[in-house]
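Straight from Swiss-Prot, the features:
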- D65: active site, proton acceptor (ACT_SITE)
- H61, H63, H139, D210: Zn(2+) 1 binding site (BINDING)
- D65, H66, D210, H268: Zn(2+) 2 binding site (BINDING)
Amino acid sequence: MTMRVTFLGTSGAVPTTQRNTSSIFVNRDGDYLLFDCGEGTQRQMMRYGTGFAIDHLFVTHLHGDHVLGIPGLLQTWDFNERERAIAIHTPAGTRGNIKQLIQANGTTPSFPVRINEVSAGDVVLDRSEYEIRAIETAHRCASVGYVLDEDDRKGKFDREKAEEEFGIPPGPKYSKLHRGEAVEHEGETIQPEAVVGPARPGRRFVYTGDTLPTESVIEASEDADLLVHDATFAEDRKERAKATAHSTAREAADVARQAGASTLALTHISTRYAASADELVDEARDAFDGEVVLAEDGMERRVEFPDADEY
């Protein structure tokens, strides 16, 4: 089961020659999900080969650098004769704004556009193996972040124990036991828990959008495998970050550290650091012992299982 995250736009409010405005594409085992859609997102999708087969767009807030790509993307789908519905998930109270944004294009899409208002704590998308929840963030307007949480996986099957202790040869009985079914072998009933370990956690991906550092994000990011956090400024601009309801790279790292995240990706990088964002990375690494990466447009990250070393 793959989970790949492609950064389509990693700049702050203004794009640069190297960074587009905010957008992240997630491929979760063939489910294609888009988080935010800044101006030019559809070109980034073409450039980095993600494809356009998304059915769900998750909006963190309505600032232009996160939504101005929506009309163009809808228009392209229309030109390509899309028929499937698209669901746009947006913070509570912003449905009308999304409608106005779409109508400003002067055309009505020929396919269904479903606008779903969400609040912190809502399960926005519920799938058989994962769910996406909205989480509380702190910005200058109605805003949410999103958490993709996978269900627990089956425990690890102990082949050595099955064969050596119970004498069960490799074959169909292994599959049954791993599915949680008891099997009969040489007159003995073998229960699955005898050879299958405890359930193993799935993966957790967190995207904050624009936010101050908050306790709600720390709680939602507990043991996250990948936390993508606002890191607009360096620490010497901390007051500016606070005034504009953003985070510094060190503050993002503090969130990751307190949450016990594995990897922190810094995004929403101010144009102030267009030449080099090394100080953001350095400050984050000073505060967080896990992996720190500076998100770049076109960067792809594979989100591994917490126990990937066991495979």
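Even glycines carry a Cβ here, placed using N, Cα and C.
Sequence-distant contacts of H268 (Zn(2+) 2 binding site), defined as residues of its own chain at least six apart whose C-beta falls under 8 angstroms from its C-beta, comprise T10, S11, G12, S22, D210, D230, A231, T232, H246.
Of all the Cβ atoms in the protein chains shown, 22 others lie within 10 Å of the Cβ of D65 (active site, proton acceptor).
Sparsest Cβ environment among the binding-site residues H63, H66 (other Cβ atoms counted within 10 Å): H63. The residues near the Zn(2+) 1 site, meaning same-chain residues not in H61, H63, H139, D210 whose C-beta sits within 8 angstroms of the mean position of the site's C-beta atoms, are T60, L62, H66, T137, R140, C141, S143, G209, T211, A245, in sequence order. The Cβ of H139 (Zn(2+) 1 binding site) lies under 8 Å from the Cβ of H61, G209, D210, T211, L212, A245, each of which sits 6+ residues away along the same chain. Of all the Cβ atoms in the protein chains shown, 28 others lie within 10 Å of the Cβ of D210 (Zn(2+) 1 binding site). DSSP assigns H61 (Zn(2+) 1 binding site) to coil in the three-state reduction, placing it in neither a helix nor a strand.
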